[in-house]
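For 282, 283, 284, 285, 286, 287, 288, 289, 290, 291, 292, the entry in Swiss-Prot reads substrate binding site. The N6-(pyridoxal phosphate)lysine annotation in Swiss-Prot covers 100.
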């Protein structure tokens with residue numbers, strides 16, 4: 001038997017490259033989570049999940065590791081502080097969390113609390129987000145930046161909140177917004193705090209590149225900025241403008257694109273200062289990416305730079321332009337939401353079943369039987385018996401032709417169902433035999449390099465792709481996925497992961513592998529009476545809030561966990577996932593009304609003797625219990 005170690009498992013899932021030293025495999029072959037990079041303290045995920053199940057918290061379970069969240073906030077601020085010291089930068093850095101990345105109250109409150117020492121702020125882009133941010137701001141102390149489209153109600157809310165002491169900046173995205181702000185400021189007599197968003201010609205890279213450039217949805221063109229400055233001077237509001245904002249898109253994969261945007265933004269800052277705008281801040285927006293696949297490349301699921309390089313370039317480029325122009329350096333703001341929250345959240349769920357070939361009928365006897373077989377089946381038997389590495393390529397091509405021939409003959413009525421089943425069984429046996437031979441070949445012939453895909457099985461996991469990791473479906477985003485146990489054993493199956501929705505799109509067929517993106521996930525055969533769990537990692541950004549109710553699968557159970565030196569971990573908060581009753585309510589069904597209608601039908605059934613009173617009572621109890629149950633599958 002081939003020896004296998006936990007290091008081999010770490011390698012095939014590329015764990016050490018995407019894990020950021022926050023995830024490791026222990027000697028038992030189980031995934032562990034660390035509160036900070038290289039910490040000696042850890043939580044074993046498999047044991048944690050077992051403990052949660054004992055507490056009646058069922059999978060799928062979203063695990064939020066609050067120490068990791070705190071550590072990410074500290075890490076981003078630390079690297080900027082170091083960059084400021086290294087470059088002798090004369091101003092400050094400030095983090096703002098864009099709450100659109102994850103608006104869950106417990107998450108935003110935790111970020112605000114962890115970030116107090118760094119004077120962290122919140123960025124909002126809608127009226128609901130504004131109200132949420134105001135509610136989080138204890139003693140009006142939390143700075144808030146308002147981006148996005150704004151109507152009269154939005155602007156008035158900000159103005160009156162400003163009057164009572166809230167620190168809120170309105171960022172002007174369009175000229176009509178500025179006109180509205182001027183009008184409402186004069187009407188209320190309240191002077192606003194203002195910023196201006198510029199539409200840079202520089203673009204980002206990857207899926208969100210269109211957030212930048214001259215065709216971007218938001219921001220003022222250079223000519224519009226000149227108009228805005230004139231308007232602000234005309235109405236004596238020019239001194240209210242303290243911030244220049246730009247954004248070239250989320251998950252910018254190439255550092256050179258970031259540098260270009262920084263240079264352009266800094267030049268605009270310098271020129272606006274020369275025009276009499278007393279700017280104090282540059283808000284460089286988001287874009288700091290996450291290395292989801294661990295490749296450290298410019299592929300859209302990765303980045304070709306570190307957080308340290310990013311911070312150093314931000315500080316250096318802005319300082320260089322300002323020093324050259326003889327202009328005071330601004331305080332710097334970034335809105336790095338993805339990089340802040342991606343790592344702290346892991347979803348774990350159980351595998352329900354597989355479509356493994358082992359469930360096929362056993363036709364072993366046909367390999368030795370002398371009785372007549374159909375010519376197609378007989379040829380497949382001959383290939384299976386004779387195949388070796390010398391005839392591999394020819395036998396592979398012949399096998400593909402024969403299985404297609406079997407389907408055609410069946411459709412024409414020349415093969416019966418049993419013959420077709422025999423052909424399928426032989427095909428899978430031949431493919432397995434070829435796979436064993438291919439694994440020993442060096443080099444592998446070109447047409448056999450993707451051969452493994454024909455061996456791929458489907459593992460059905462207890463989750464909804466559309467609810468828990470919608471970006472995997474919507475934009476083909478890669479997320480690290482791997483088993484959380486048995487990592488001291490060599491995987492003996494390659495698989496795709498299918499969810500439990502009634503949708504053929506609910507399947508993951510792209511994974512993070514040893515050499516980048518791969519079309520299969522190495523897994524282990526399922527053992528009888530033993531749960532097999534997989535983890536979905538780096539899903540803290542956007543996934544919860546973008547998830548939808550496809551097939552009415554609702555929010556999963558969520559658990560907030562902190563590390564504890566005495567007991568290893570502490571469960572701080574448990575947020576129950578949606579019950580069926582809640583999911584039905586979202587689409588205007590009432591659980592009590594449903595029960596009433598069914599009760600009426602049952603009474604009619606009892607009266608007409610279609611069902612007994614005992615059966616009627618049992619069914620009503622069952623339906624009531626079902627309506628109150630978790631939307632995901634149990635036993």
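Yeah, the Cβs are placed from backbone N, Cα and C, and that goes for glycine too.
Note that this is a predicted model, so its numbers are computed, not measured.
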_What's the number of neighbouring CB atoms sitting within 10 A of the CB on residue 100 (N6-(pyridoxal phosphate)lysine)?_
20
*Just jot down the residues in the same chain as residue 288 (substrate binding site), at least 6 apart in sequence, with C-beta under 8 A of its C-beta; none if empty.*
76, 252, 307, 310, 334, 336, 338, 339
*asked:* Taking 10 A as the limit, how many CB atoms besides its own sit near the CB of residue 282 (substrate binding site)?
replied: 26
*Does anything in the same chain, at least 6 positions from residue 290 (substrate binding site), have a Cβ under 8 Å from its Cβ, and if so what?*
251, 303, 338, 339, 342, 343, 538, 541
*Counting every protein chain present, what is the number of Cβ atoms, excluding its own, within 10 Å of the Cβ of residue 284 (substrate binding site)?*
25
*Using Cα coordinates, what distance in whole Å links the residue listed as 'N6-(pyridoxal phosphate)lysine' and residue 286 (substrate binding site)?*
12
*For residue 286 (substrate binding site), which residues of its chain lie six or more apart in sequence with Cβ-Cβ distance below 8 Å?*
98, 247, 249, 250, 334, 335, 336, 337, 338
*For residue 282 (substrate binding site), what is the secondary structure by DSSP, using just helix, strand and coil?*
strand
